[in-house]
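*Asks:* First the structure, then my questions, so here it is.
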């Protein structure tokens, strides 16, 4: 007879078996929950960090581009200033050479006067008198020597001013060169991207290098260099005018008066051109403001029309609700809301209408001002034409001092220099 074989070892009860299955299922669900939670957190972290990284890169790129724009504006301003100071150095050099030529020309006059005095020393007996001729010759010698001394002083001043101009130009050129290098580096930084081949980790990239300056110091340095150069150019312009005037004063009174008159006339033309330029600038800005104000009035009228339609809707709703029957005709929240809406809309419409009235008054004032500007432009244009005719007429005059005048006009050159308002950022 066969016997039952029983496997030795511990035997569990059915509840233990069920509890074990439930425990395994619960653990699996918990692990899946934990895994799902971690995956969601990881996805959120990836999205957040990715967006933050993209935003930070965009912000850095924007800052770099803004910095490039700022530095490039300064570079252009310094380049224009360099061009102006080069022109001024060339103009002052030519005026200085003209003054030196005038000194050389005076030597011949002095030799002639001394020779005449020497000849007159050969007079004898009663003819050796101090007559008006001798007095005039002696006066001529004194005048020539005084003129030479004044011209030599002007030459020395021009030499010192040239040194100052060249020093200012050197500072401008150094600042301009540094900004060109900085622009090249910043543009290279803008071109970097994650696929660039020349990117790598650097040692302590966030350090502050030695010699780092604050932003206001950087801007003040460029502003100081530009203002220093402009001041030296203005001083040079004044000096050139003084040298030219000194050369002109060595001639007779008629020549001096002609030079003074042409100087004043040229200055008047320059001032008139500046006034016309300012008036045309004001006219253009006024026209732009008129266009913007007209557009603003149209927008206000459109808003008034829209708010009026909204008010009609609110009125219609309130009126329609008055026909609710019996107990339904109550002051509910909708009633209060519509009432408030009507009051708000009426206040808005009144404010818009008041603003439209103010805008229309401002537009009328702009039109009146535009009429005044255009009338003044007509007056100044006529005056400028008359002054230019005077200049053309004065070209018929032939004055010996012209052979000693510098080739670059010390007055007209000032018109090529930029005004203070054009040089500011």
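Each Cβ is built from the backbone N, Cα and C atoms, and glycine gets one as well.
It should be emphasised that the depicted structure is a prediction, and the values quoted were computed from it without experimental measurement.
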*Asks:* If TrEMBL is the reference, give me the range from 241-275, 276-310 marked as coiled coil.
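*Replies:* The listed stretch tagged coiled coil in TrEMBL is 276-310.
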*Asks:* In TrEMBL, one of 134-161, 162-189, 190-217, 386-413 is tagged coiled coil. Which stretch would that be?
*Replies:* 134-161
*Asks:* Looking at the candidate ranges 314-341, 342-369, report the one that TrEMBL labels coiled coil.
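*Replies:* When 314-341, 342-369 are checked in TrEMBL, coiled coil belongs to 342-369.
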